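Note sheet for the following structure.
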Amino acid sequence: MANIVLLGPPGAGKGTQSERIVSQYNLTPIVPGNLMREHINQDTSVGRLLSNYINEGMLAPHKVVMDLVEEQVKAQKHGFKFLFDGFPRAIAQAISLDELLPKHGHQLDAVIFLDVPDEIVKERIRDRAKVSGRVDDQSDEKIATRLEIYHSETLPVVDYYEKQNKLYRVEGMGPVEDVFERIIQVINPLYHK
C-alpha cells in the first residue's frame, strides 16, 4: 500500500480522479480544500478566517491548513494509507508534510502530477463553474489569479518532489477513463515493490 499525493493545476481533474483512486485502492482521502469549504459552510471561526482567502483564489494560511491535515492523519488508525488530493500546494506545506507523516508512522511514497495545459484548464474551470456554482471558479479574473498562484506556489512543489524521485507525471488530457488508466499504470507497481 502507498501514501500518494495527487497534484495538478486547478481544473485538472484531481477531484474526479481522486474518487476513483480512493475507491480502487481503498485509500483514505485527505482533501484540505473540501475541509476548508466545510468550515466555511458551517461558519466556524476557522471558516470565517479562510473565507476571504478561498473566495479570492488565494492560498490559505499555512498553519491552518497543516492543522487540518494533521487532524485528519491523526484520526486514522495505524496501517491506513492516504491520498492527499491537491495538497501540498506550496513548498512550506510539502516540507511540513514530510515532517508530519513520520511523526505518525507514515511516509510519502509517490506524487502523481496531472499535467494539463493552461488553456484547457481555463476551459474546464469555466465549465465546472457553470455546473457547480463554485464561487472560486466564477470569473476570468479569479481563474487568472488561481493559475498565477498555481504557477508561483504549486509548480515548485512538483520540482521539490521530482528531486526526491517521488514524482510521476501523468498526461491529464482526454477522457476520464483514459487518464485513470494512466494513473493505474503508475500506482500498481507501487503495490508490488
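Glycine is no exception: its Cβ is also placed from the backbone N, Cα and C atoms.
Not measured: the values here are computed from a predicted model.
Features of the protein shown, as given by TrEMBL:
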BINDING   GLY11, ALA12, GLY13, LYS14, GLY15, THR16, ARG128, GLY174  ATP binding site
REGION    31-60  region 'NMP'
BINDING   ARG37, GLY86, PHE87, PRO88, ARG89, GLN93, ARG134, ARG146  AMP binding site
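Overlay of TrEMBL feature records on the structure.
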residue: GLY13; record: ATP binding site; Cβ contacts under 8 Å, 6 or more apart: LEU114, VAL116, ARG124, GLY172, VAL176, VAL179
residue: LYS14; record: ATP binding site; Cβ contacts under 8 Å, 6 or more apart: LEU6, LEU7, GLY8, ASP85, GLY86, LEU114
residue: GLY15; record: ATP binding site; Cβ contacts under 8 Å, 6 or more apart: VAL31, ASP85, GLY86
residue: THR16; record: ATP binding site; Cβ contacts under 8 Å, 6 or more apart: VAL176
residue: ARG37; record: AMP binding site; Cβ contacts under 8 Å, 6 or more apart: ILE54
residue: PHE87; record: AMP binding site; Cβ contacts under 8 Å, 6 or more apart: VAL5, ILE30, VAL31, PRO32, GLY33, VAL65, VAL69, GLN93, LEU97
residue: PRO88; record: AMP binding site; Cβ contacts under 8 Å, 6 or more apart: VAL5, ALA94, SER96, LEU97, VAL157
residue: GLY174; record: ATP binding site; Cβ contacts under 8 Å, 6 or more apart: none
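For ARG146 (AMP binding site), the spatially nearest entry among the binding-site residues GLY11, ALA12, ARG128 is GLY11, judged by CA separation. Cβ neighbours within 10 Å of GLY86 (AMP binding site), excluding its own Cβ and spanning all shown chains: 21. Each of the binding-site residues ARG89, ARG128, ARG146 was scored by other CB atoms within 10 A of its CB, and the lowest score goes to ARG128. Across the region 'NMP' (31-60), DSSP classifies residues as 21 helix, 0 strand, 9 coil. According to DSSP, ARG128 (ATP binding site) sits within a helical segment.
Recorded residues GLY11 (ATP binding site) and ARG89 (AMP binding site) have their alpha carbons 14 Å apart, per Cα-Cα distance. Rounded to the nearest whole angstrom, the C-alpha distance between ARG128 (ATP binding site) and ARG89 (AMP binding site) is 21.
GLN93 (AMP binding site) counts 23 other C-beta atoms within 10 Å of its own C-beta, drawing on all protein chains shown. Within its own chain, the region 'NMP' (31-60) has Cβ neighbours under 8 Å at 15, 18, 68-69, 72, 84-87, 89-90, 135-136, 142-143, 145-146, 149, 153, counting only residues six or more beyond its boundaries. In this structure, the CA atom of ARG89 (AMP binding site) is 14 Å away from the CA atom of ALA12 (ATP binding site). Pairwise Cα distances among GLY11, ALA12, GLY13, LYS14, GLY15, THR16, ARG128, GLY174, which the record gives as the binders of ATP, peak at 16 Å. For the region 'NMP' (31-60), the model's average pLDDT works out to 88. GLY13 (ATP binding site) carries neither a helix nor a strand DSSP state and counts as coil. Following the DSSP three-state reduction, the secondary structure of ARG146 (AMP binding site) is helix.
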